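S.K.: Sharing the record's features from TrEMBL:
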BINDING   81, 104, 106, 108, 203, 205  Mn(2+) binding site
């Protein structure tokens, strides 16, 4: 459907399929189902093998990565949100500590003893604690990270305090009723800035279950598909270097595939933003400033 009529994104005036960028489906990372520790390592190494390859455009030019190389942008489509931890480990190898924009109904910074009880180290790494671990490992850039769409219940206000210690600012889903999509976009820009490399992680449960029922932990009171797409388009100008879209569970979807369509269209908006930003090379004005 996205490419059926040509792929041109009218609001963003961009076509991710007909631009300077070469779009490739890199297939699936082989992941064992028997050992979660090894599975997370497989995800990290699989992602990094793609991330560190020479891109089709500007491969020989100086890039913004910490090694001075121009790298490709990688968008990962996943199920369980735990995969963001090994993806951030891979990103750290390329960019160092990175700024994160996180669309979700849940914080995902819970301390393991609060979320799941952590009977073992491996059990402490799950879809509600991966940002806690990312913070502890130094993968996040300090005080530039932001959640958007949050509306979950908590174990107490200490969850918010811990979230702040992990380096995040929170935009609640209900704020759309008072400040609108433009206000939410403004908060994100103010928090992350326009120079830092930014990683975008999108949990499909940011959407209300009326629009995306096929997800593992649905929460009512979320945004519509139109609102989420508008907010993502509003990220234009932010330096998105990589992204993931997760928690889509096709087995739970309707016959009309509402969740799958929402995820695909969200991906399309992200791709359009990345095309508008150009290759991840050092711009001429940045070279002069440096």
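Numbering starts at 1 and runs along the chain as it is shown here.
Cβ atoms are placed via backbone N, Cα and C, with glycine included.
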S.K.: Within 8 Å of the Cβ centroid of the Mn(2+) site residues 81, 104, 106, 108, 203, 205, which other residues of the same chain have their Cβ?
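M.R.: Here the nearby residues are 102, 105, 127, 206, 217, 246, 247.
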S.K.: For residue 81 (Mn(2+) binding site), just count the other CB atoms lying within 10 A of its CB, please.
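M.R.: Taking every protein chain into account, the count is 26.
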